Protein chains: 4
Amino acid sequence: MKVAVLGAKGRMGAEAVAAINSATDLTLSAALDLGDSLDQLVSTGTEVIVDFTTPDSVMKNLEFAINNDIHVVVGTTGFDDKKLEQLKSLLSNHPKVGALIAPNFGLGAVLMMQFSQTAAKYFESAEIVEMHHANKVDAPSGTAIRTAQMITDARKQSKKSAMPDATKSELPGARGGKVGDVPVHSIRSHGYVAHQEVIFGDAGETLTIRHDSINRAGFMPGVLIGVRNVAKHPGLTVGLENYMGGM
Amino acid sequence: MKVAVLGAKGRMGAEAVAAINSATDLTLSAALDLGDSLDQLVSTGTEVIVDFTTPDSVMKNLEFAINNDIHVVVGTTGFDDKKLEQLKSLLSNHPKVGALIAPNFGLGAVLMMQFSQTAAKYFESAEIVEMHHANKVDAPSGTAIRTAQMITDARKQSKKSAMPDATKSELPGARGGKVGDVPVHSIRSHGYVAHQEVIFGDAGETLTIRHDSINRAGFMPGVLIGVRNVAKHPGLTVGLENYMGGM
Amino acid sequence: MKVAVLGAKGRMGAEAVAAINSATDLTLSAALDLGDSLDQLVSTGTEVIVDFTTPDSVMKNLEFAINNDIHVVVGTTGFDDKKLEQLKSLLSNHPKVGALIAPNFGLGAVLMMQFSQTAAKYFESAEIVEMHHANKVDAPSGTAIRTAQMITDARKQSKKSAMPDATKSELPGARGGKVGDVPVHSIRSHGYVAHQEVIFGDAGETLTIRHDSINRAGFMPGVLIGVRNVAKHPGLTVGLENYMGGM
Amino acid sequence: MKVAVLGAKGRMGAEAVAAINSATDLTLSAALDLGDSLDQLVSTGTEVIVDFTTPDSVMKNLEFAINNDIHVVVGTTGFDDKKLEQLKSLLSNHPKVGALIAPNFGLGAVLMMQFSQTAAKYFESAEIVEMHHANKVDAPSGTAIRTAQMITDARKQSKKSAMPDATKSELPGARGGKVGDVPVHSIRSHGYVAHQEVIFGDAGETLTIRHDSINRAGFMPGVLIGVRNVAKHPGLTVGLENYMGGM
């Protein structure tokens, strides 16, 4: 399969180029960056593009690709409802083209969220501890917030009653926050990259799901799953988990 | 729903009696132990029995229950192929009766195994660390062996190549063993009850699923899932995970 | 060595009786509870008492023991400055008698606090995650508060600057609190007993010290260290760590 | 303080150059690599050298430095008894010069070993789990072997009896080994860098000390402790822990 990378000089794009070069079933047809002509996608017979560019340029890239019947795997951030609608409209004229928008390509993170959604149905309590480097400006992390929302939804569907919590006296100042039903605890320290632990508890037992991500290489197996499966999923798909069957 | 416990004076049976008494949607119809007449099951209108007796007496109990159209939830150990065949034959004459044979009622343990089976498809490496009290005679634990087999099967189905391992020099004497593809590490120490960690690794990330069980109460939510669902699953079911949909 | 237990019918006292009976170098001389005469301590030749009674009765017991030149190991809670002064005054007339007041007999907890105090000097960041059963009314736990204070003091002595923390956006509602310099995260769930993790971080590395306590038996090795060493430490000692040399 | 780095183009040397440049109390006087003249050390008034070169060239560097009354902090590997004797002999003629040979500059690793040595005196059981990247050729790791030896020595001094272990049935093939008294479990997987967990257990409680190292930057705080303290420790010192008081 012929695959081009857009944003090939960026940090994620460069990793994607390396990952495609290492995969024996994939051929890198083009590695484009700012200013390069998109026409190369057509002349090289590219079948799938991987886009790690910027919120400003991504829509132009996707329009070109879809109009030329090239599948798109997108890690660029900033997809709001408006952009998703534009994308659906583009795709409606090319019903065989697949488009994957993935907020997180980390397989481990995606699995952690899926497993948490399932476990939430069976345990009384759920809390999240997430650990990130000290330069992170937001707490809780985006992944923690999304996990907490998924757990909250699953609890609602299972008609869970409120989590047991006898706390009467407390102190101020804990970093984190309560998201839906779920207390999230945010640790910030040098020596961490991106880590999260989801803890489920019930009488006599706890189940803990932990993901540790220490560099960008960890996202590439997820990008490759996207590349290899996008042609089998025509239309718009949001979230890599939709390509990961049987969970 | 009227539920009877057989083996009610044993440790697991006593916990089951307590759990049923605490459940507002269930009524304890009988709590029988060695020497008590099974006729009470009929006279009390019992709909489901929970059997925590012994490999020697369990088949007689199940025969009586099934012949009286009572569903059976079984935690008693020692079910080999021969016993399972006998059970199927009994059930074939009572097509509405459900029978659940569950080697492990711990929800957390069941989920850990299910999640491991799924994660095995996405990660290059998988290893298990299991921690038990120092009085345990077998290493690796039964749960670890079963988890390792499930991971090995999942890897085979996904056509995974051998795990990366550059080890050239080694020392003898590590407790544990290799089960299928999976190295299992067994820790034995006072201060532990029953714990297991399944570690999945790939470039840049690890996913760890850990289950900690500190007492028998941890098995009761699983028993109750069995009791509440057995009537909806006529015929023989082996493994609580078959009642836990959507995983 | 002849050892008596006061409060022998309480939960901790009963464990102490069992622990002394199991120790080959110690003899249980008396097991007293409410209403039993203290005179037995003298008639049995008791050398050390272990007191797990109540804040109301403990001072009367200690007065009797010290006046009869019997060493005292005390796990009873509620020792404020006034009681400690009374005790010092009693001991001043019996200069060979040792008295140990121990807020926590868990060796693991004591070591965790000592190690944390040391590590605090070498790492930029320190945070605490403590996990307790859902029936606990206070957050953070007493052990977490004490650990955080010890870390804060050690940082002050090492003239550490403020921990790195770029957090700009936050949510309300995280259980726990900031104690001195140290963010403490409090998790409450069934399935836990008493657990604490102290995390130290700096560029490229983290050091984590974790203590898991699953039952009262875990306090007995600490009680026995107290019993075996109290005679060598005349006068008042507060904190088991003072008997644990070489840390 | 004027500090020179030898082996400045190597991976550790380059990190050391950066660390010294970032430290406000230190001045980088020279950054030398293969072929550069050592005379610059004298002409620049260097007070301390940091040597991250090779086993072949290190002794020549140290001889030059010591003969010019420059203190030496050495991370180069391969110091056997013969080299240490040579070094002592060199130092005997320069009694004010300090030399630190450090097999491990990771503060976290050094503290983990120190804490393990202390904890070993108080717990019945001790086991080590170490996790490294899949390209590592030796199992157990050097740090695990050294930790296990320190624990074994501490147990001997405390006259500990054998660890409790009821294991009767076992499987072959677990990676790791028994070092002294201590079972060591070795996990190898992509996604890890260098990690170790030391677990101590006794009735009702476990104490776990874990070190996670994710890049070379983690060694630099230890290098700086060496640089800042070597002048206060004339003569030969092996092991950074000797500069870390009060543990």
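The backbone N, Cα and C atoms fix where each Cβ goes, glycine too.
In TrEMBL, annotation is done automatically, which means it is predicted and not curated.
Per TrEMBL, the NAD(+) site holds C:Gly7, C:Ala8, C:Lys9, C:Gly10, C:Arg11, C:Met12, C:Gly75, C:Thr76, C:Thr77, C:Ala102, C:Pro103, C:Asn104, C:Phe105; the candidate it also names there, chosen from C:Asp33, C:Asp36, C:Asp39, is C:Asp33. In terms of Cα spacing, the recorded positions C:His132, C:His133, C:Lys136 all stay beyond 10 Å of C:Asn104 (NAD(+) binding site). Listed in sequence order, C:Val73, C:Val74, C:Gly75, C:Gly222, C:Gly226, C:Val238, C:Gly239, C:Leu240 are the same-chain residues at least 6 apart in sequence whose CB falls under 8 Å from the CB of C:Ala102 (NAD(+) binding site). DSSP places the residues of the domain 'Dihydrodipicolinate reductase N-terminal' (C:1-105) in helix, strand and coil in these numbers: 39 helix, 23 strand, 43 coil. Cβ neighbours within 10 Å of C:Thr76 (NAD(+) binding site), excluding its own Cβ and spanning all shown chains: 24.
Within the set of binding-site residues (C:Asn104, C:Thr143), the lowest number of other Cβ atoms found within 10 Å of a Cβ is recorded at C:Asn104. Checking each of the recorded positions C:Lys9, C:Arg11, C:Asp33, C:Thr76, C:Lys136 against C:Gly142 ((S)-2,3,4,5-tetrahydrodipicolinate binding site) by C-alpha distance, the shortest gap belongs to C:Lys136. Each of the binding-site residues C:Gly7, C:Gly142 was scored by the number of other CB atoms within 10 Å of its CB, and the largest score is that of C:Gly7.
Counted with DSSP, the region 'Disordered' (C:155-179) comes out as 3 helix, 5 strand, 17 coil.
Within the same chain, residues at least six positions away from C:Lys136 (active site, proton donor) with a Cβ under 8 Å of its Cβ are C:Arg188.
Nearest neighbour of C:Thr76 (NAD(+) binding site) by Cα distance, taken over the recorded positions C:His132, C:His133, C:Thr143: C:Thr143.
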